[in-house]
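Note sheet for the following structure.
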C-alpha cells in the first residue's frame, strides 16, 4: 500500500523530513519548508520504497529501487548480491522543480518531478525577497554611523581644547628626572610655579555658549575655598604621546569637594554615653533571667548522685569496698 502525504492526505508521499518526522509529497514539501528560513534548514530525503517509514540511504541501480539502511540488509540484501549501489545524500533549502530534477535525475522518473505545482518558484522568489529586505535593514543601521557627528550626545570639545592649548608650551623646560615632587602643596607638585590654564577655560566657556551644548556639572565643578582648578594634563603628553583616555579623568569628583562628609554625622551617635548605659542595662536584665545552669532536668538522678559515695570526685561502683584515707592522698 502506498504511503500518503501527512500534510494533504491525498498525494503519494515521496519525501521524508527527519526534523518533523513527516512523509510529504513534492508540493507539500515546497509549501511547508518555504514558510521561513528555519524550516529551510530541515534535511530531507526520499522515502524508502519498501517500508515507507524511513529515509532512503542507498539506491540500487540493478533493481532501480531506493532503500533505507534497514531494508538494504533485511529485505533485499543488495549488498550481499553484489548490486551496484548509489549513496543518496539528504538535501535542504527549497530547490526549484528544475533543480530538484537534477538532484534526483538518476533516481526519480521524469513524470514524478512534473507533479510539482508551477507556483512553487513564485514562493521561493518571495522568500528571497524577504531575505533581501532583512539585509537592507542592516544597511540602514550602518548608515546611521555617518551622521553620528550631528547628535548632541557626543562632543568633540576635548579635541578642540587640546588643539587650542597645544601651542602654550605648558611643559617646556620641565625635567621630571631632576624635579623634586612635593605632594603637600597642591599648587606646586613638581616644584615649579602654577601653570596658566585660564585660556583653556575661557575657550571652553565660549565653545559651550556658541554650540549650546549642555555639559554636565561633573566636567566643570564649582570652585570654592582653596580648591585648585583641575587640568587634564597627563604624563603621556609630556612624552609626546596621545591617548583617548587622557581626557576622561577631569579631576576630583564634586562629591568630595562640596558638602560635609557623610560619615561625620554618625560619630557622635556611636559614642553617646547614654545609649551605652541603656544597652548595658538591657544586657544585665537578660542575663539575670537566664535559666541555664539553674534548672534541674532530671531530679531523680540528682537525688541519687547526692547520696552516692565519691572518691576524688568520682562515683564508687556499687559492691566495691569504700576505703578512703585523706592522709594518703596528701
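Note: Cβ is positioned from N, Cα and C throughout, glycine not excepted.
Among the ranges 48-88, 89-129, the one that Swiss-Prot lists as zinc finger is 48-88.
Counting only residues at least six positions away in the same chain, the Cβ atoms of 5, 7, 8, 11 sit under 8 Å from the Cβ of residue 28 (Zn(2+) binding site). Just so you know, the Cβ of residue 8 (Zn(2+) binding site) picks up 13 other Cβ atoms within 10 Å once every protein chain is counted. Mapped onto DSSP classes, the zinc finger (48-88) shows 12 helix, 10 strand, 19 coil. Secondary structure at residue 8 (Zn(2+) binding site), as computed by DSSP, is coil.
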